[in-house]
Amino acid sequence: MALASLQCCPLLSSPASVSRRRQASVTVRAPALQRTPGGPTRTRLLLLQRCFCSQYAGKQSPPRSPQQLERLFSNLNQATLKHEPGSVTSSIFLVAGTTVGAGILAIPAVTQEAGFLASAVTCILCWIYMVVTGLLVAEVNVNTMCELGSGGVSLVSMAMRTLGALGVRTASFSYLFIHYALLVAYVARSSEIMTNSLGIPLWESATLFSLAFGGLCYFGSQRVIGAVNGFLVISILASFTTLVVVACGNLQWSSLLEANYAAAPQSIPIIALSFVYQNVVPVLCTNLEGDLSKVRKAIVVGTAIPLALFLIWDAVILGTIPGLAESGTIIDPLEQLRSSNGTVGPIVEAFSFLAIGTSYIGFVLGLSDFIADLLKLPSGQNKPLPYLVTLVPPLVLSLLDPEIFFKALDFAGTYGVLVLFGVFPAAMSWSERYSDDLEAPVPPIVPGGKFTLSFVMGGALLIIFSEIFKDIMQLQGLH
């Protein structure tokens, strides 16, 4: 799809005024990716008090502007005042790492009844849907940055601008619920892996994991976090490749043609939960300086990597253990594969830990930035409070009773994810595009107008209400 880029034209002024603005520049709160406590503080300096946004085609370019920029602002090192643009490669790794979580291991279990062919179609459709919602989030985020004249705009500011106070409360609750539930699951699973490998108590494993990865998010610079995340993603690919090679020795190609499309819809909530990355889209928009062409590339490529992994993994598991679709009983294919092949167990543990680590980084960055905006903390300052609020509750809750929160994950996939990252992006974009009270300086980057937005909202609501109906029927069956 052809997407319009964003260009911003600086308002030029005398060198004296530029010098004064350098001394009293507008600082924008940077996400955790760009904060480096203990070293040279990286803040975002807006040397431009305002910018005019227009379509990159050049039809409405502001006159007499000697320089046309695709970005809204520049990320500068406060010490050197050198331009430090965000890396598209690091952004791709951030999206891919956030998306590839431990949920990939659960996909064969929820798709076994549908069979590989039907589940592959479902995965591809869910990927397209989640890419569209991510692009809608990016569109609203950049428009909000243009209107507010600041970067680091989180979902709270976006919802307040487009949906009002009720939208903020609903979005905040859904956002916090999803993130805390997933972080609890990640800490619980990673601590279990570390305890089995190192032989240390569970609480020590959970604390060590939270301190190591949480400390990286708090103290690490954008470059350091990008490098670590890139290393983890490459390690995931290596362990995944090894896992596939070991597991596919008994692959039966005829099993990949099994399809039960009637059973495919029941796997949508878990697959949608596995494709969650929209929480880091505001971070991407700020790190990439509002350049929507770079944001689009990071989203599409960054989510295409997990899609390929999901399809390959599902094919290997469902093709290695034939007859799952006709068995009539729900089993865990991964456990069955572990019992039949002793080499798979350690590889699965390594892959799970790496996948959890990358997802944990993305969710900590997104949630800490969200909490900082929710608490209205001063811009451009890396305060420890958002990180404490982000890291401590999942650590404590995972040690108390993680089973409760695994049940909450099912609920989060059905209701939280589809509401927050399905209905909300389309609703915010609708309000922004078609409301007389709002301005949208950035041209729409998702085509289709009201039809596309209605389809996005309607699809999410259809799944939500069908799951509500199914849950009600199951409760009546118990009585």
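Quick reminder: no glycine exception, Cβ is built from N, Cα and C everywhere.
Here's what TrEMBL has on this protein:
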TRANSMEM  91-110  transmembrane segment
TRANSMEM  117-138  transmembrane segment
TRANSMEM  166-188  transmembrane segment
TRANSMEM  200-221  transmembrane segment
TRANSMEM  227-247  transmembrane segment
TRANSMEM  259-278  transmembrane segment
TRANSMEM  298-325  transmembrane segment
TRANSMEM  346-372  transmembrane segment
TRANSMEM  412-431  transmembrane segment
TRANSMEM  451-469  transmembrane segment
Long-range Cβ contacts under 8 Å made by the transmembrane segment (166-188), restricted to residues 6 or more beyond its ends, are 101-102, 155-156, 159-160, 206, 209-210, 276, 279, 356, 359-360, 363-364, 366-367, 370, 374, 390, 393-395, 397-398, 402, 405-406, 408-409, 412, 416-417, 419-420, 424, 427-428
Ranking 259-278, 346-372, 451-469 by Cβ pairs under 8 Å to the transmembrane segment (200-221) puts first 346-372
Among 117-138, 259-278, 412-431, 451-469, the stretch with the most Cβ pairs under 8 Å to the transmembrane segment (91-110) is 259-278
The transmembrane segment (298-325) vs the transmembrane segment (259-278): three or more C-beta pairs under 8 Å (separation of 6 or more)?
yes
Per the Cβ filter (under 8 Å) with a sequence gap of at least 6 from its ends, the transmembrane segment (412-431) is approached by 129-130, 133-134, 136-137, 139-140, 158-159, 162-163, 167, 170-171, 174-175, 177-178, 181-182, 269-270, 272-273, 276, 278, 438, 444, 446, 450, 453-454, 456-457, 459-461, 463-464, 467
With the cut-off at Cβ under 8 Å and a gap of six or more residues from its ends, the chain residues touching the transmembrane segment (227-247) are 89-90, 93-94, 96-97, 100, 216, 220, 305, 309, 312-313, 316-317, 320, 337, 341, 343-344, 347-348, 350-351, 354-355, 357-358, 361
The answer for the transmembrane segment (451-469), taking Cβ pairs under 8 Å and residues 6+ beyond its ends, is 129, 132-133, 136, 265, 268-269, 414-415, 418-419, 422-423, 425-427, 429-430, 433
